[in-house]
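Engineer: According to TrEMBL:
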| type | residues | note |
| --- | --- | --- |
| DOMAIN | A:60-309 | domain 'Nucleoside phosphorylase' |
| BINDING | A:R100, A:R144, A:I145, A:G146, A:T147 | phosphate binding site |
| BINDING | A:Q223, A:R225 | substrate binding site |
2 protein chains.
Amino acid sequence: HQAMAPILLESVGNERTDYIEHEVVHVKNPHLDSMEEDILYHFNLGTKTHNLQSMFGDIKFVCVGGSGNRMKAFAQFMHRELGLIGDTTDIEDICAGTDRYSMYKVGPVLSISHGMGVPSISIMLHELIKLLYHAKCSDVTLIRIGTSGGVGLEPGTVVITDRAVDSFFRPQFEQVVLGKVIVRSTELDANLAQELLQCATEIPNLPTVIGNTMCTHDFYEGQGRLDGALCSFSTEEKLEYLRKAHEAGVRNIEMESTVFAAMCRICGLKAAVVCVTLLDRFEGDQISTPHDVLTEYQQRPQCLMSHFIKKRLGLFD
Amino acid sequence: HQAMAPILLESVGNERTDYIEHEVVHVKNPHLDSMEEDILYHFNLGTKTHNLQSMFGDIKFVCVGGSGNRMKAFAQFMHRELGLIGDTTDIEDICAGTDRYSMYKVGPVLSISHGMGVPSISIMLHELIKLLYHAKCSDVTLIRIGTSGGVGLEPGTVVITDRAVDSFFRPQFEQVVLGKVIVRSTELDANLAQELLQCATEIPNLPTVIGNTMCTHDFYEGQGRLDGALCSFSTEEKLEYLRKAHEAGVRNIEMESTVFAAMCRICGLKAAVVCVTLLDRFEGDQISTPHDVLTEYQQRPQCLMSHFIKKRLGLFD
């Protein structure tokens, strides 16, 4: 198959080659180009007030996660890992004018918080994808690094998502558009997942698996927890649901992966979800692990990201 | 009817009287009382590490809103309005150990941020209701003070929610529990809404209406915006959807009201939703209003809250 590629490329000329070599971030909205100005309200950025291309044009890796503090720590960590000059305390929150999200840029890496749940990450993704589009970014890889509940895994295990599934174990995301339900595929980039798994094997003490990730819209009842303000089911019914999830290949549960996968796919962004498990849901519901152990767990996806990015940038030669 | 009340109260004794006079916050979870410890993970609080009753037992009003900065400003504003001693800069974030939510206490008023979207506010509500339960709080009124898009209203108008409806204009909230869809009523306290409307008439320059509030799970496609990264509909289709919403009594659109109404109702909490509109969605999608005007708009629900709380506390005598 490889022998065919050069012939095909030649036959369509340079533009086609450029297209294949540089995948430009695109939006799926015909209205956007006719807008005089685009205000990215929840980032406190805009096309008239900011030169987005000069600010963000060199971005190649976007890492997103729920907590602003964690994404700031990741930016500082990447600053050291990439051997960049300057003090890590100088890394500024690009979205400092709003407290909806936090955003940090470290060389070709953008680190952004997205809050909790599908609606919160979806607002961020709409504005992020528009930002990358306005900035004329190309060949961008987008990775969610988060925390999750494990399903039959030792706490601290990192799960690279194979398929992002909903509460009914279906690899799809339902989006309501003008009062009609639209179903979107949540397929992620399989090559990227394998590349990340390979990276994980090259790092000591980073237990990592590929598995399905269930995305719910609620942390308590929606994930079968017995410790919320509301609970109408028994311990046995909870365990039965988790067993069914496990049979469907689910290895962890979080609250953002389906819309993340669906939106990245539509916009042609190569994407992956890498979440560490903080507990095994077969063993309990409460996160009672000591703070320092949780902190170490949360650094694991960050270590994997650093290794992956440095390898991609050829910094291990 | 009023003549009947004393007889009924007498006939059931003091306990019954106490029950009627003091509505205790309750949870709907039989598992909770058998738990040795309850860790409110996203608040960084717990029943073993904190004396919740001494910290929160006197709470009578809980105001919640999306932004941490805004809820901090509200706490400082209430501190001045209630004439409390001490410097407003000393008001500490009770959840300082986590950046998931912010929480401030000012006398009998608790001010908490909930992030954006149904999943984010639902995590907060589970832990808030458990907190109020553990703290043995009684007669608590819970009010969401937020921002929203208006439907046929002058920007800056405050909407007190009559019915919280979903994207299909139904006054219900669908919760997935163990892979099954459960439908819950989103009925709010009609007397409280009227009491708030009366308060609004007593404040100059506070345009206020009672109307239905539509709660969506997406800010862009889900609310018919033409300016997201994805958009597959025309301007005319957008306007048609907004017209239908208006016909169904919808006067504003936000992203948290249905689950807020449903959970408060189940747990016996008197609740209201008071959101200011930042724009009229018939006129546009982008929030391009100058920052100082937006800031003034966002203070309007806070002014209404202050008036309501001071009136309830008898501070206008």
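Heads up, the Cβ atoms here are built off N, Cα and C, so glycines get one too.
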Engineer: What mean pLDDT score does the domain 'Nucleoside phosphorylase' (A:60-309) have in the model?
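Structural biologist: For the domain 'Nucleoside phosphorylase' (A:60-309), the model's average pLDDT rounds to 97.
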Engineer: Provide the three-state secondary structure of A:R144 (phosphate binding site) computed with DSSP.
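Structural biologist: DSSP assigns A:R144 (phosphate binding site) to strand.
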Engineer: Using Cα coordinates, what distance in whole Å links A:T147 (phosphate binding site) and A:Q223 (substrate binding site)?
Structural biologist: 14
Engineer: Filter the binding-site residues A:R100, A:I145, A:G146, A:Q223, A:R225 down to the ones with a Cβ under 8 Å from chain B's Cβ atoms, keeping sequence order.
Structural biologist: A:R100
Engineer: Between A:R100, A:R144, which of the binding-site residues has the fewest other CB atoms within 10 angstroms in the structure shown?
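Structural biologist: Minimum Cβ neighbour count within 10 Å, taken over the binding-site residues A:R100, A:R144, occurs at A:R100.
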Engineer: Enumerate same-chain residues with a sequence separation of six or more from A:Q223 (substrate binding site) and a Cβ-Cβ distance below 8 A; give 'none' if the list is empty.
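Structural biologist: Sequence-distant Cβ neighbours: A:G149, A:T216, A:I253, A:R281.
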Engineer: Tell me the Cβ neighbour count for A:T147 (phosphate binding site), meaning other Cβ atoms within 10 Å of its Cβ, over all protein chains shown.
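Structural biologist: For A:T147 (phosphate binding site), the 10 Å Cβ neighbour count is 20.
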Engineer: Name the residue among the binding-site residues A:G146, A:R225 whose Cβ has the smallest number of other Cβ atoms within 10 Å.
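Structural biologist: A:R225, out of the binding-site residues A:G146, A:R225, has the fewest neighbouring Cβ atoms within 10 Å.
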Engineer: Give me the non-local Cβ neighbours of A:I145 (phosphate binding site): same chain, 6+ apart in sequence, Cβ-Cβ under 8 Å, ordered along the sequence.
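Structural biologist: A:I145 (phosphate binding site) has long-range Cβ partners A:C63, A:V64, A:G65, A:F74, A:V274, A:C275, A:P301, A:Q302, A:L304, A:M305.
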Engineer: Provide, as an integer number of angstrom, the distance between the C-alpha atoms of A:R144 (phosphate binding site) and A:R225 (substrate binding site).
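Structural biologist: Cα-Cα distance, A:R144 (phosphate binding site) to A:R225 (substrate binding site): 24 Å.
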Engineer: Let me know the largest Cα to Cα distance in Å among the phosphate-binding residues A:R100, A:R144, A:I145, A:G146, A:T147, as an integer.
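Structural biologist: Maximum Cα-Cα distance: 20 Å.
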